[in-house]
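*Asks:* Pasting the relevant annotations from TrEMBL:
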- 80, 85: oxalate binding site (BINDING)
- 83, 85, 129: Mn(2+) binding site (BINDING)
- 32-183: domain 'Cupin type-1' (DOMAIN)
């Protein structure tokens, strides 16, 4: 028998751009290069980690190739908070430091491990996962994805800062917290005004 299907989604949605060029007219080496993963990023946030992506937004030549990378740098005690990648599995290679990593299965089982330098850990597509630096030194990893644009949904940010906001009654009932708890989380997670 013959089996055929559409490819996995590359992004949340794709509205046709009728003015775009087809098959890369005027392509150069710049369309396939990005030097942004070579060095550690400056970390200046409350969670203590920074993600530098190398996806189709930064490397146009990745379009339709189904791969991308990211570098994540962590301060001591830094956290990459619970999140998902709806369009990709992830493999993490540890450059420096030691991290606790884990993901939660759809059966609600935590799969976790402490990982050291020059080791790796895999996360299946779409599952909630995290990384935490419990060491006293900075840590860094390179993450590989089987998508040109894996997408990221931070669980807390998604629930408490969407536009428009998820209704309070949905959050209070779904998370079993009061309206004061919802308001507190929204205040903590709201983007800082500059």
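Using N, Cα and C of the backbone, Cβ positions are placed for all residues, glycine too.
A TrEMBL annotation is a machine prediction, not a hand-curated record.
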*Asks:* Using Cβ-Cβ distances, find the residues under 8 Å from residue 80 (oxalate binding site) that belong to the same chain and are at least 6 apart in sequence, listing them in sequence order.
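*Replies:* Expected: 47, 49, 51, 72, 74, 130, 131, 132.
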*Asks:* Around residue 85 (oxalate binding site), how many other C-beta atoms are within 10 angstroms of its C-beta?
*Replies:* 23
*Asks:* Tell me the Cα distance separating residue 129 (Mn(2+) binding site) from residue 85 (oxalate binding site), rounded to the nearest angstrom.
*Replies:* 9
